[in-house]
Amino acid sequence: MRTYKVGGAVRDRLLGKPVTDIDWVVVGATTEEMLAKGFRPVGSDFPVFLHPKSGEEYALARTERKSGRGYGGFTFHASPEVTLEEDLIRRDLTINAMAEDDQQNLTDPYHGQRDLEARLLRHVSPAFAEDPLRVLRVARFAARYAALGFTVAPETLELMRQLSESGELQALTAERSWKEISRALMEDQPQVFIEVLRACGALKELMPEVDALFGVPQPQAHHPEIDTGAHTLSVLEQAARHKQPLTVRWACLLHDLGKGLTPEEEWPRHIAHEFKGLKLIKAVNERFKAPKDCQELALLVGEYHTHGHRALELKPSTLLELLQSFDVYRRPQRFEEFIAACEMDARGRRGLEQRSYPQVDYLRGAATAARSVAVQPLLEKGFKGPELGEAIKRERLKALKAYKETASF
Ligand code: CTP
């Protein structure tokens, strides 16, 4: 029985990147031998075990065959006769199909090292098509390694295109897709993830609402980049540059979906796109079962981002409605994330990336002003029930009027 490090651990060591988790492949062993050595089996689907001490994953060398549509349609074959090369050939990318023994001797039958040097994400073999999730994985790796100069090999992009066209992506579960999407959005260049998905036709399959934004013009005066798809990518780029959390990045991706619904004769204006986009945002949220905080923020940013941009012109009563919609009193963090998404939206415009955005401080100040209204004195005056609610609102409105008059913006 021989064990080798495989996959990301080998790839990232060769790239000089920190290695976080190590996957191992075991050649020449049976399940019984693994159990006898104290390894703990993981689930019942695959011959994968956890090391009794390190907790790292050890998988028996296996070959895989796809026997049907979707993720359930797998059969695999693991036996002590399966060679390291046979195990590596069923993997996704050449740079992920290298193995290393405990002396750091590399087994690299599919030239992963050469592709690392050439900065190419290239599939190992036609077996790539056995798992459509790999389309998303390649796009995610493209986003992660874009700064190093990596691109997708043309023949791999072609295979991804065929897989996308075949309708296979529809069979992916929401959970598997979301895991890839959320990880990709947290990379340094998440816009590359969307670009690669679009280039192979997968974006149209996965998020047609985002795909539809490409080719839709916006008024040049506000949006020098004109194209709504290009704008969305820039907003995402800014969100990563400003190290925004996943919630904000997700909201950035979906904030303008309504613009894809504007009839051509109304271009480049997009009247009420904020409201029209809500049903699309809801659909995308639900399709991928995005976590609740991501879903909520995306909907709120979709509905109110232009309020954010016009913050300084808003009447105190509108400002109050905005703050109430966000429940800033109990959910201060969510309002901060909204402000951040608005700022990223403003910065995601060509040539305007560095322009000051006083709306951030103004909105923050407004939230503080509204929050400063104390409930106790109103209770002491005898207000209760709905009347108390009204009295609090009146006081908050007063506070916002005073804020608007005195704030120096
Ligand atoms: N793998 C694959 N196809 C998949 C998932 C995984 O071929 N759909 C293989 C690849 O060889 C990959 C290895 O299994 O390198 C481990 O997968 P995983 O831990 O998901 O990814 P890593 O490559 O380690 O990358 P990351 O740094 O993103 O975790």
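Our numbering is plain: 1 for the first residue shown, then up by one each step along the chain.
Using N, Cα and C of the backbone, Cβ positions are placed for all residues, glycine too.
No curator has checked TrEMBL annotations; they are predicted automatically.
What TrEMBL says about this one:
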BINDING   G8, R11, R91, R137, R140  CTP binding site
BINDING   G8, R11, R91, R137, R140  ATP binding site
BINDING   D21, D23  Mg(2+) binding site
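What surrounds the CTP site, by Cβ distance within 8 Å of the Cβ centroid and not counting G8, R11, R91, R137, R140, is the set G7, D92, L93, I95, N96, F141 from the same chain.
Residues G8, R11, R91, R137, R140 are recorded as binding ATP; their most distant pair of Cα atoms lies 16 Å apart.
With respect to ligand 1, the binding-site residues D23, R91, R140 contribute D23, R91 as residues with a C-beta closer than 6 angstroms to one of its atoms, given in sequence order. In the structure shown, the C-beta of D23 has more C-beta neighbours within 10 angstroms than that of any other entry among the binding-site residues D21, D23.
Secondary structure from DSSP puts R140 (CTP binding site) in a helix.
Listed binding-site residues near D23 (Mg(2+) binding site): none (candidates R11, R91, R137, R140; Cα-Cα distance within 10 Å).
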